[in-house]
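*Asks:* Questions regarding the structure given below will be posed in turn.
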Amino acid sequence: MTEAMKITLSTQPADARWGDKATYSINNDGITLHLNGKDDLGLIQRAARKIDGLGIKQVALTGEGWDTERCWAFWAGYKGPKGVRTVMWPDLDDAQRQELDNRLTIIDWVRDTINAPAEELGPEQLAQRAVDLLCSVACDSVTYRITKGEDLREQNYMGLHTVGRGSERPPVLLALDYNPTGDKDAPVYACLVGKGITFDSGGYSIKQSAFMDSMKSDMGGAATVTGALAFAITRGLNKRVKLFLCCADNLISGNAFKLGDIIRYRNGKNAEVMNTDAEGRLVLADGLIDASAQHPQLIIDMATLTGAAKTALGNDYHALFSFDDTLAGRLLTSAAQENEPFWRLPLAEFHRNQLPSNFAELNNTGSAAYPAGASTAAGFLSHFVENYREGWLHIDCSATYRKAPVEQWAAGATGLGVRTIANLLTA
């Protein structure tokens, strides 16, 4: 068996022969990471990515200075979508080791689920995986209902049914209730709503290959909110939370939805489809209607919703939208505590009115006159939140997935956002 490469930490600079900007050096005992006190977690993550790039697949984190955050930073950079990596963790106290183990179980589940090929992960499989994860952490407190296919149409989940009907794999709504109180009449503290588009071709507004090749990851919002609920439970969440996952393929067929179709929702709103590639908001609307009906204190929806958010923030930040300044501030505080990147983008009352249609109350995409695509998408969603000005957060999760490796991440899913939402739920 190959001996594990020892990885140690030092606050001293590397030997001058390695250069004055060296973040790691190699010696007879292994590899030393040289911390400078400026961005130590980022330095560790970037160094781990380089170590993986050297083909080193077995490491032992040894010596002083390792804690949960530094171990996790190393793993975030070291983990990749191919091959097996083995880490021998340093001695941590029981609480730190439990926290690390929970991250390894749940956030790795999120990353692996998002990375799964669309052929292996359809709408039903995504819903079932979510149920399995949550049952693994709190099965006695979990009940759920899966509604799919024509049952969605019969129960008037018209956004989800319309988008998903073009695929041979039926669309699915997962409604999951985490109720640790044991009281079936206990108030619902929070609702989480996730976009679970397991493959997005764009429909008849078809994507080019360069924009379609990563669309197995278009269910990243659903995976992330599922992981967030599971992780919050491991941190002691004792309030009732409901999870709604809106799962579908967006494909082309003789039965697929078309431009000019009008979707009539249960809350009385109707929306004209002028871009079948703006499908995420159409399925989320059904989940938000259900979430609002619970009258929770907090609604969070999460979706890989717009290219506009990526244009603004790249893959480096999740975009946050809210009319509730206090709640947005709480989310950003949670993000800072968890060392996760969120950035608030504008959402104003006028964005709700920038989706004009000649034939319906709403258009599912903005016109050239209203180019703030991420904000108008959030404005669209607000029409399906009963009290949209208070207690609602929309996260356009641009940092969910990377098509290519960068200095701190392998290609694929990042798992970012799980800890922040869990932090907010348990604050």
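A Cβ is built for glycine as well, from the same backbone N, Cα and C atoms used for every other residue.
The following feature annotations were taken from Swiss-Prot:
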type	residues	note
BINDING	K195, D200, D218, E279	Mn(2+) 2 binding site
BINDING	D200, D277, E279	Mn(2+) 1 binding site
ACT_SITE	K207	active site
ACT_SITE	R281	active site
*Asks:* So which recorded positions are near R281 (active site), with CA atoms within 10 Å, out of K195, D200, K207, D218?
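*Replies:* Those near R281 (active site) - Cα within 10 Å - are K195, in sequence order.
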*Asks:* Using DSSP reduced to three states, classify D200 (Mn(2+) 2 binding site) as helix, strand or coil.
*Replies:* strand
*Asks:* Looking only at Cβ atoms, how many others are within 10 Å of the one on D277 (Mn(2+) 1 binding site)?
*Replies:* 20
*Asks:* Within 10 Å of the Cβ of D200 (Mn(2+) 2 binding site), how many other Cβ atoms can be counted across all chains shown?
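*Replies:* Taking every protein chain into account, the count is 27.
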*Asks:* Give the sequence-ordered set of same-chain residues, not counting K195, D200, D218, E279, with Cβ within 8 Å of the centre of the Cβ atoms defining the Mn(2+) 2 site.
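*Replies:* My list of surrounding residues reads V163, I197, M215, M219, A248, N250, G280, V283, A303, T304.
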*Asks:* Determine the Cβ neighbour count for K207 (active site): the number of other Cβ atoms within 10 Å of its Cβ.
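*Replies:* K207 (active site) is surrounded by 15 other Cβ atoms within 10 Å.
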*Asks:* Could you tally the C-beta atoms, other than its own, that fall within 10 angstroms of the C-beta of R281 (active site)?
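*Replies:* Excluding its own Cβ, R281 (active site) sees 29 Cβ atoms within 10 Å.
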*Asks:* List, in sequence order, the same-chain residues at least six positions removed whose CB sits under 8 Å from that of D218 (Mn(2+) 2 binding site)?
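*Replies:* Expected: K195, I197, T198, F199, D200, N250, G280, T304.
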*Asks:* What is the total of other Cβ atoms whose distance to the Cβ of E279 (Mn(2+) 2 binding site) is within 10 Å?
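*Replies:* Summing over all protein chains shown, E279 (Mn(2+) 2 binding site) has 29 other Cβ atoms within 10 Å.
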*Asks:* Roughly how many Å lie between the Cα atoms of E279 (Mn(2+) 2 binding site) and K207 (active site), rounded to a whole value?
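*Replies:* Between the alpha carbons of E279 (Mn(2+) 2 binding site) and K207 (active site) there are 13 Å.
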*Asks:* List the residues in the vicinity of the Mn(2+) 1 site, defined as same-chain residues other than D200, D277, E279 with C-beta within 8 angstroms of the site's C-beta centre.
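*Replies:* The answer, listed by sequence position, is V163, I197, S201, G202, G203, S205, K207, M215, D218, N250, T276, A278, G280.
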*Asks:* Have a look around K195 (Mn(2+) 2 binding site) and count the other CB atoms within 10 A of its CB, chains all included.
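*Replies:* Taking every protein chain into account, the count is 31.
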*Asks:* Rounded to an integer, what is the Cα-Cα distance in Å between D277 (Mn(2+) 1 binding site) and K207 (active site)?
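*Replies:* On Cα coordinates alone, these residues lie 8 Å apart.
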*Asks:* According to DSSP, which of helix, strand or coil covers K195 (Mn(2+) 2 binding site)?
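*Replies:* It is in a strand.
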